[in-house]
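Enquirer: Attaching a single structure in structure tokens format; questions to follow.
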Amino acid sequence: MATKAVCVLKGDGPVQGTIHFEAKGDTVVVTGSITGLTEGDHGFHVHQFGDNTQGCTSAGPHFNPLSKKHGGPKDEERHVGDLGNVTADKNGVAVVDIVDSLISLSGEYSIIGRTMVVHEKPDDLGRGGNEESTKTGNAGSRLACGVIGIAK
């Protein structure tokens, strides 16, 4: 059973980063940094597929094995892959420090082999009042992504 994972984020533009995942008890601690962002919040999600053959678009929708509507990371109604937002400072750097109790590095909610994506816009956490909000959080285009792999 994997206890650690890593993801290298890359895109067509300046956005890049490295994200680390570590299983701790019933949670996964997600840490790292992303550079090249515009200042402010950016949606941060695990997507269904580990397929980046056509850039980030081939990663599919948010990882959602429970067939729920999109929500925030603390909501009961959320996709497993909904990790909310990361916030970039005025220098375009987002420091990631998330503890989540729904994603896993093993079993049916495992994120290993799936794609981590950072988005162009803030995630409205499913509260945007339209259909797209309940699917994507209106987070916009995919700036950078990478497949989550087992780490030592």
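Yeah, the Cβs are placed from backbone N, Cα and C, and that goes for glycine too.
Sharing the feature lines straight out of Swiss-Prot:
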type	residues	note
BINDING	H45, H47, H62, H119	Cu cation binding site
BINDING	H62, H70, H79, D82	Zn(2+) binding site
DISULFID	C56-C145	disulfide bond
LIPID	C7	S-palmitoyl cysteine
MOD_RES	A2	N-acetylalanine
MOD_RES	K4	N6-succinyllysine
MOD_RES	K10	N6-succinyllysine
MOD_RES	K90	N6-succinyllysine
MOD_RES	S101	phosphoserine
MOD_RES	S104	phosphoserine
MOD_RES	S106	phosphoserine
MOD_RES	K121	N6-succinyllysine
MOD_RES	K121	N6-acetyllysine
MOD_RES	K135	N6-acetyllysine
MOD_RES	K135	N6-succinyllysine
Enquirer: Only counting partners 6 or more residues apart, tell me which same-chain residues put their Cβ under 8 Å from the Cβ of K135 (N6-acetyllysine).
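Expert: Once residues fewer than 6 apart are set aside, K135 (N6-acetyllysine) is near P61, H62, K69, H70.
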Enquirer: Relative to the Cα of the residue listed as 'N-acetylalanine', which of the recorded positions H47, C56, K90, S101 have a Cα no more than 10 Å away?
Expert: none
Enquirer: Please give me the recorded positions out of K10, H79, D82, K90, S106, K121 that lie within 10 Å of H45 (Cu cation binding site), comparing Cα atoms only.
Expert: H79, D82
Enquirer: For Zn(2+), what surrounds H62, H70, H79, D82 with a Cβ no more than 8 Å from their Cβ centroid?
Expert: H45, F63, N64, K68, K69, G71, R78, V80, G81, G126, K135, T136, G137
Enquirer: Which chain-mates of the residue listed as 'S-palmitoyl cysteine' that are at least 6 residues away have a CB under 8 A from its CB, listed by sequence?
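Expert: Correct list: T18, I19, F21, M116, G146, V147, I148, G149.
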Enquirer: For the recorded Cu cation site, enumerate neighbouring residues of the same chain (Cβ within 8 Å of the Cβ centroid of H45, H47, H62, H119, site residues themselves excluded), in sequence order.
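Expert: Surrounding the site, in chain order, are G43, F44, V46, A59, P61, F63, G81, D82, V117, T136, A139, R142.
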Enquirer: For C145 (disulfide bond), which residues in the same chain are close in space, meaning a Cβ under 8 Å from its Cβ, but six or more apart along the sequence?
Expert: L9, K10, G11, H47, N52, G55, C56, A59, T115, M116, V117, V118
Enquirer: About how far apart, in whole Å, are the alpha carbons (Cα) of H79 (Zn(2+) binding site) and H119 (Cu cation binding site)?
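Expert: With the alpha carbons as reference points, the distance is 16 Å.
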Enquirer: Determine, using Cα-Cα distances only, which of these recorded positions is closest to S101 (phosphoserine): D82, K90, H119, K121.
Expert: D82
